[in-house]
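Below is one structure, written out as structure tokens; the observations come after it.
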Amino acid sequence: MRHLGAFLFLLGVLGALTEMCEIPEMDSHLVEKLGQHLLPWMDRLSLEHLNPSIYVGLRLSSLQAGTKEDLYLHSLKLGYQQCLLGSAFSEDDGDCQGKPSMGQLALYLLALRANCEFVRGHKGDRLVSQLKWFLEDEKRAIGHDHKGHPHTSYYQYGLGILALCLHQKRVHDSVVDKLLYAVEPFHQGHHSVDTAAMAGLAFTCLKRSNFNPGRRQRITMAIRTVREEILKAQTPEGHFGNVYSTPLALQFLMTSPMRGAELGTACLKARVALLASLQDGAFQNALMISQLLPVLNHKTYIDLIFPDCLAPRVMLEPAAETIPQTQEIISVTLQVLSLLPPYRQSISVLAGSTVEDVLKKAHELGGFTYETQASLSGPYLTSVMGKAAGEREFWQLLRDPNTPLLQGIADYRPKDGETIELRLVSW
């Protein structure tokens, strides 16, 4: 009996040493306001604007949009299956000018799991095959010596593995090996926090599903490595990397308990930073909101292994319309210094305008041209003054003197007197 008591005491001590990443509840009105930002996006049902992440975020949140959710999922199924399957063996894309990427396909598979569905039947098999072909193609691009790079990114590579895992679809060890190699400390290049977090979520799903048993030890070590790297990336304010990579980082950390108090302390600090960012209105982008809402409901993408589709959720009501006040005119300087001849022009716009509004006004005034492409996180620049971003290049937004902007052209709202620079950079 004495030995049993000692054993139970030891178990209690070990349990006390294990810390979970827990985010205390936030003000429900603040969370509801966040969810209300997604409602207008759910009325945009064209293929270009459909975003599976919005559906996933709502289903894993404490909020619901009622019949809007059903219509949105129906539109996702119609659009994605028509474009991805209708042209799977044909060069003719028909009306699918904005054919979904493989990253979008992976998120679509997450959306199905968020509705407690598995891909099944002939159509489902073809979708799975397309995602597996994508991973194989990326694997070849990385190369057997790991000196190459994915055509897209390791973020999309990890997302693809996660999506297949959630649907109980196995991928070959050689596919997992590329992601393992990318995060292992003795091979590790520089990866952003959200890329590391997505890889960590993929590894966590593989481990919990008992997939790739021959890689189990490496997967366990990779989860530990990712956790350590994310914790190291915490800023003095409390964000992991930056404010917009913090939600996905928290999703991973919430699935990855560790001994000691470091994890719990870091997550509480992140919660304080997130609260301040929410109160400042930092979260306006639909993709970022959809990654944060599950965290505020103590959920992660890993919950899609066994989703709870009957959990009670509060009905969202549209935000009350505010009567616009008379807006002042502000002056924003737009400059492009990485091209010859350089461009620099003062642009007058309404206060509250986005960078995209500034670009449109500059184009209307003449002497400035640009092109954009839609993505799940919003439009991004593909060409400025006739100069297209090449492979492994992108047009970066900076606030003068030299501060990279974390938000995209449709989200950042410059203040009066600010200078916005568009700079072509390599990565």
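Note that the numbers count up from 1, one per residue, in the order the chain is shown.
Just so you know, glycine gets a Cβ as well, placed from its N, Cα and C.
These features come from Swiss-Prot:
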SIGNAL    1-18  signal peptide
DISULFID  C21-C267  disulfide bond
DISULFID  C83-C96  disulfide bond
BINDING   Q104, 152-156, 190-194, N242, S245, Q291, 395-397  cob(II)alamin binding site
DISULFID  C116-C309  disulfide bond
DISULFID  C165-C205  disulfide bond
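Here the features listed in Swiss-Prot are placed on the structure.
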residue: C21; record: disulfide bond; Cβ contacts under 8 Å, 6 or more apart: L250, L253, M254, S256, P257, L263, G264, A266, C267
residue: Q104; record: cob(II)alamin binding site; Cβ contacts under 8 Å, 6 or more apart: P52, Y80, L376
residue: C116; record: disulfide bond; Cβ contacts under 8 Å, 6 or more apart: P307, C309
residue: Y154; record: cob(II)alamin binding site; Cβ contacts under 8 Å, 6 or more apart: L179, A182, H191, T195, M198, A199
residue: H190; record: cob(II)alamin binding site; Cβ contacts under 8 Å, 6 or more apart: none
residue: C205; record: disulfide bond; Cβ contacts under 8 Å, 6 or more apart: I161, L162, C165, L166, F211, Y301, I302, I305
residue: S245; record: cob(II)alamin binding site; Cβ contacts under 8 Å, 6 or more apart: S192, V193, D194, A197, H239
residue: Q396; record: cob(II)alamin binding site; Cβ contacts under 8 Å, 6 or more apart: P404, L422, R423, L424, V425
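Mapped onto three states, the DSSP output places Q396 (cob(II)alamin binding site) in strand. With every protein chain in view, the residue among the recorded positions C83, C165, V193 whose Cβ has the most Cβ partners within 10 Å turns out to be C165. Figure note: comparing Cβ neighbours within 10 Å for the disulfide-bonded residues C267, C309, the maximum is reached by C267.
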